[in-house]
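Novice: Okay, handing you the structure first.
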């Protein structure tokens with residue numbers, strides 16, 4: 001008579017076979033997305049970009065070079081392109097919002113503009129065309145110790161009575177006392193005061209990251225080519241002289257200020273590890289060792305890769321693409337797996353697993369000619385900045 005263990009073996013074999021077929025732990029690298037040859041992916045990405053650019057410009061085919069004027073681009077066109085490129089670069093330099101930071105309540109702080117009798121204003125020529133607003137960055141850092149904690153920053157101005165409609169523009173003080181355009185506003189006539197608000201989150205983050213002591217804005221009347229009068233007609237509270245006593249105190253309290261919304265420092269410790277991991281992810285994505293879903297570098301040279309000479313600036317750009325498997329949990333004891341099985345039964349050629357797709361995209365400014373006329377365009381969603389599994 002065989003031992004009891006051998007007698008039970010026929011009964012145990014089906015159970016052992018079931019355990020082999022049914023993993024009890026996540027299949028970390030499992031993905032039903034088909035793997036593709038890297039060179040094939042790059043070629044397909046290049047062809048997709050060719051069609052994408054023509055489609056965004058509403059062109060059926062690349063424009064003819066025609067009689068393009070020789071020499072460099074006109075100065076005005078180049079200045080417009082450079083300002084557009086700088087604005088895009090400034091926006092892309094802003095850190096991505098922290099999902100965990102968004103959970104916490106935000107502390108709101110008001111930082112008043114440096115008063116107009118400060119010597120910093122003496123460095124800028126008084127003009128009927130503009131007003132200047134400067135802020136002490138030490139006060140900003142006291143309110144927001146780290147740039148990543150800043151959720152939103154608004155420049156608030158109290159506009160007094162305005163008799164005529166006026167188009168105004170806001171600029172940021174840049175390096176070498178130059179000014180970078182930020183935004184504009186069309187102000188309608190009004191008999192009552194009104195608060196104006198400009199979103200300057202990215203600018204304040206830059207200030208917090210740099211070591212400067214005083215930073216500022218300029219509000220100017222729109223310089224119209226067909227108008228000789230470019231006087232700033234709007235009266236902003238805090239710049240009118242001749243007030244005394246309590247009225248002057250109230251007037252000074254309502255001078256321009258920055259409204260800051262940030263995660264308090266005592267709640268920030270929890271975010272340190274997640275920020276560190278995300279910073280490492282960026283490095284991993286551009287290394288050859290990372291196999292999972294990540295941003296892969298791809299530089300497009302317009303002449304070499306597309307055979308185009310009609311785009312004058314830039315000569316090329318980093319389009320990038322997303323590639324890599326997306327891990328997910330596969331277990332037969334979940335309802336999700338039953339749905340997947342049913343999905344695969346009815347769609348045998350489809351992928352039920354998450355796939356690597358773009359998450360954040362950036363625009364691309366270009367200069368090109370239509371006949372003899374140069375044009376500056378901003379093409380949306382042309383640069384892959386980050387990827388996700390979806």
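Heads up, the Cβ atoms here are built off N, Cα and C, so glycines get one too.
A quick note: this is a predicted structure, and the numbers were derived from the prediction, not measured.
Quick paste of what Swiss-Prot says about this protein:
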- 285-294: disulfide bond (DISULFID)
- 293-356: disulfide bond (DISULFID)
- 322-387: disulfide bond (DISULFID)
- 326-389: disulfide bond (DISULFID)
- 82: N-linked glycosylation site (CARBOHYD)
- 136: N-linked glycosylation site (CARBOHYD)
- 176: N-linked glycosylation site (CARBOHYD)
- 30-74: region 'Straightjacket domain' (REGION)
- 75-271: region 'Arm domain' (REGION)
- 226-252: region 'Bowtie tail' (REGION)
- 1-29: signal peptide (SIGNAL)
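In terms of burial and nearby residues, how do these features look in this structure?
Specialist: According to its DSSP assignment, residue 387 (disulfide bond) is in a strand. Its Cβ placed at the centre, residue 387 (disulfide bond) has 24 other Cβ atoms within 10 Å.
Every protein chain shown contributes to the tally, and the Cβ of residue 82 (N-linked glycosylation site) ends up with 14 other Cβ atoms within 10 Å. In this structure, residue 82 (N-linked glycosylation site) is part of a helix by DSSP.
Residue 136 (N-linked glycosylation site) carries a strand DSSP state (E or B).
Under the DSSP three-state reduction, residue 176 (N-linked glycosylation site) is assigned to helix.
Looking only at the region 'Bowtie tail' (226-252), the predicted model's pLDDT averages out at 61.
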Novice: Neighbour count, 10 Å Cβ-Cβ cut-off, for residue 322 (disulfide bond): what number do you get?
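Specialist: Taking every protein chain into account, the count is 21.
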Novice: Would you mind pulling the DSSP three-state label for residue 326 (disulfide bond)?
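Specialist: Note: residue 326 (disulfide bond) is coil by DSSP, not helix or strand.
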Novice: Look up residue 293 (disulfide bond) in the DSSP assignment and report helix, strand or coil.
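Specialist: SS state of residue 293 (disulfide bond) = coil.
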Novice: Looking only at C-alpha atoms, tell me how far residue 176 (N-linked glycosylation site) is from residue 82 (N-linked glycosylation site), rounded to the nearest Å.
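Specialist: Between the Cα atoms of residue 176 (N-linked glycosylation site) and residue 82 (N-linked glycosylation site), the distance comes to 16 Å.
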Novice: Using CB atoms and a 10 A radius, I'd like the single residue among the glycosylation sites 136, 176 with the highest neighbour count.
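Specialist: That would be 136, with the highest Cβ count within 10 Å.
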Novice: Per 10 Å Cβ neighbour count, which of the disulfide-bonded residues 293, 389 ranks highest?
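Specialist: Of the disulfide-bonded residues 293, 389, the highest Cβ count within 10 Å belongs to 293.
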Novice: Among the recorded positions 82, 136, 293, 294, whose Cα is within 10 A of the Cα of residue 322 (disulfide bond)?
Specialist: 293, 294
